[in-house]
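Asks: Just dropping this structure here.
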Amino acid sequence: MGYYSLTEVTAVQYAKEHGYFEKKANVVCHEIGDGNLNYVFKLDDGVKSIIIKQALPYAKVVGESWPLSIKRATIESKALQIFAKYVPEYVPVVYSHDEELAVTVIEDLSRLTITRKGLIDGEEYPLLSQHIGRFLANVLFYTSDFGLQSEEKRVLEGTFVNPDLCKITEDLVFTDPFGHYDTNDYESELQLAVDELWSDKILKLKVAQYKYKFLTRKEALIHGDLHTGSIFSSPSETKVIDPEFATYGPFGFDIGQFIANLLLNALSREEEQRGVLFFHIEKTWSYFVETFTKLWIGEGVEAYTKEKQWLPIILQNIFTDAVGFAGCELIRRTIGLAHVADLEEITNKETRIQAKKQAISLGKELIKYESKNADIQLFRTLFQQTVSGGIKA
């Protein structure tokens with residue numbers, strides 16, 4: 001039959017045909033997706049529920065003028081299964097994948113909240129940083145040359161060649177926000193800050209280097225889009241979702257993106273409410289280092305993991321990259337194509353513009369920063385130096 005786009009009606013038919021519900025079951029189905037690239041259906045018969053996710057052959061955020069390969073759904077399904085091999089507690093269960101229809105049937109996580117929404121609403125997730133730090137350490141270590149035999153790594157790397165979505169990252173994170181491109185989207189009040197950004201040749205040279213790292217450093221399997229909208233949370237659980245951007249890339253990329261999105265939330269808060277975000281930034285890194293170090297010592301398969309002075313160099317490189325990638329993410333989420341609710345939902349326009357100017361300034365500082373040691377306090381320090389006072393909604 002070939003590919004066709006599901007509707008709420010045909011999603012139920014699909015689920016019944018594939019044995020997820022009885023033929024006579026009264027299944028309620030709603031399209032709940034709020035992302036840019038897919039349909040997401042929740043199906044519930046009152047006894048059990050599932051999620052059906054279907055990749056569209058174009059970007060929803062733009063329309064059919066921006067075609068995309070539906071093979072990204074297979075990438076996403078395989079990435080979730082790889083993650084589950086090492087950290088099953090931090091990802092949803094994948095029940096099945098249909099490559100022809102680009103459909104993946106996965107666990108319903110409705111008991112949890114999208115982390116971005118929860119943070120905006122003031123919810124607290126005390127284990128978020130512990131879980132994300134451990135998730136990243138395990139996935140990055142075990143899919144790298146340090147935790148995987150080189151032959152196996154090369155085969156796995158070939159599985160995650162993801163040209164369409166990598167091109168989106170190349171353009172929307174590293175290129176378009178730093179020049180005159182039609183994809184950019186920002187208020188006129190930001191024009192002066194944007195002009196200064198675009199004319200900063202030192203900054204653009206640094207961005208070029210980070211883009212080159214993304215293009216060439218195939219260090220480990222990365223999620224590729226690890227923002228707070230790609231994580232479900234509760235006070236006791238954390239689940240990473242939506243790895244359709246998964247590819248082999250730099251160790252520091254996911255760490256930087258996650259930290260940047262915590263910083264964006266911090267920018268939306270009054271000063272006295274920001275401490276929890278810096279707690280999570282700092283604990284994410286400390287749990288990452290602790291877990292990665294244990295794996296390096298106990299599970300390392302590469303000969304030079306026995307050299308004690310090698311690990312600190314690797315961790316320093318990861319940190320340096322994470323700082324720069326975080327800066328790029330801050331700027332793209334402020335003036336690029338895909339904005340974030342953390343800033344967009346600040347109701348007072350003057351305050352919202354102020355927060356966006358601060359995001360641009362902080363992003364520039366992070367990109368330009370020359371880190372000589374992996375001091376996670378750097379994010380708090382640069383934030384305090386760049387941002388004065390609190391945000392008043």
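Cβ from N, Cα, C; glycine included.
Annotated ATP binding site per Swiss-Prot: ASN38, LYS53, GLU107, ASP108, LEU109, ASP242, PRO243, GLU244, in sequence order. What Swiss-Prot records for ASP225, ARG332 is substrate binding site, and it gives sequence analysis as the kind of evidence.
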Asks: Among all the protein chains here, how many other CB atoms are within 10 A of the CB of ASP242 (ATP binding site)?
Replies: 23
Asks: Which of the three DSSP-derived classes (helix, strand, coil) applies to ARG332 (substrate binding site)?
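Replies: The residue in question, ARG332 (substrate binding site), is helix (DSSP, three-state).
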Asks: Can you check which residues sit near ASN38 (ATP binding site), meaning Cβ under 8 Å from its Cβ, same chain, 6 or more apart in sequence, and list them in order?
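Replies: Same-chain residues close to ASN38 (ATP binding site) (Cβ under 8 Å, separated by 6 or more) are LYS53, GLN54, ALA55, LEU56, LYS60, ALA73, GLU244.
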Asks: To the nearest Å, how far is the Cα of ASP225 (substrate binding site) from the Cα of PRO243 (ATP binding site)?
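Replies: Cα-Cα, rounded: 7 Å.
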Asks: Determine the C-alpha span of the ATP site listed in the record, that is the greatest distance between any two of ASN38, LYS53, GLU107, ASP108, LEU109, ASP242, PRO243, GLU244, in Å to the nearest whole number.
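Replies: Binding-site diameter by Cα atoms for ATP: 18 Å.
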Asks: For GLU107 (ATP binding site), what is the secondary structure state per DSSP, taken as helix, strand or coil?
Replies: strand
Asks: Determine the minimum-neighbour residue: among LYS53, ARG332, listed as binding-site residues, which Cβ has the fewest other Cβ atoms within 10 angstroms?
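Replies: Comparing Cβ neighbours within 10 Å for the binding-site residues LYS53, ARG332, LYS53 has the fewest.
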Asks: How many other Cβ atoms sit within 10 Å of the Cβ of GLU107 (ATP binding site)?
Replies: 16
Asks: So which of the binding-site residues is most packed in, judged by how many other Cβ atoms lie within 10 Å of its Cβ, out of ASP108, GLU244?
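Replies: Checking each of ASP108, GLU244, the winner is GLU244.
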Asks: About how far apart, in whole Å, are the alpha carbons (Cα) of ARG332 (substrate binding site) and ASP108 (ATP binding site)?
Replies: 31
Asks: What's the number of neighbouring CB atoms sitting within 10 A of the CB on LEU109 (ATP binding site)?
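Replies: I get 20 for this one.
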